[in-house]
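J.: Heads up, here are the entries from Swiss-Prot:
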DISULFID  Cys6-Cys36  disulfide bond
DISULFID  Cys14-Cys33  disulfide bond
DISULFID  Cys22-Cys54  disulfide bond
DOMAIN    4-54  domain 'Kazal-like'
CARBOHYD  Asn43  N-linked glycosylation site
Amino acid sequence: AVSVDCSEYPKPACTMEYRPLCGSDNKTYGNKCNFCNAVVESNGTLTLSRFGKC
């Protein structure tokens, strides 16, 4: 399984860097920061499906 380390999140602001990640909610997140913030908000229910766009 693919995974990312979200231990240093949430962060108050994310950069505009575009390195897309596909979440288990079938939504494409622009970068790791955006994805990890969403993971924290979901209380860990959101996981990474794959790197790249959904």
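Yeah, the Cβs are placed from backbone N, Cα and C, and that goes for glycine too.
Let's see these features in context: how buried, what's close, how far.
T.: Annotation note: Cys36 (disulfide bond) sits in a helical segment as assigned by DSSP.
According to DSSP, Cys14 (disulfide bond) is assigned to coil rather than to any helix or strand. Around Cys14 (disulfide bond), the C-beta neighbours below 8 angstroms that are at least 6 residues distant in the chain are Gly30, Asn31, Cys33, Asn34, Asn37.
Its Cβ taken as reference, Cys54 (disulfide bond) is surrounded by 14 other Cβ atoms within 10 Å in the chains shown.
Here the Cβ of Asn43 (N-linked glycosylation site) has 7 other Cβ atoms within 10 Å, regardless of which shown protein chain they belong to.
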J.: Output the one of Cys6, Cys22, Cys36 that, of all these disulfide-bonded residues, has the highest number of other Cβ atoms within 10 Å of its Cβ.
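T.: The most densely surrounded of these disulfide-bonded residues is Cys36.
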J.: What number of additional C-beta atoms lies within 10 angstroms of the C-beta atom of Cys33 (disulfide bond)?
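T.: Cys33 (disulfide bond) is surrounded by 19 other Cβ atoms within 10 Å.
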J.: If you run through the domain 'Kazal-like' (4-54) with DSSP, how many residues end up as helix, strand and coil?
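T.: Summed over the domain 'Kazal-like' (4-54), the classes give 10 helix, 9 strand, 32 coil.
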J.: Cα of Asn43 (N-linked glycosylation site) to Cα of Cys22 (disulfide bond): how many Å, rounded?
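T.: Rounded to the nearest whole number, the Cα-Cα distance is 18 Å.
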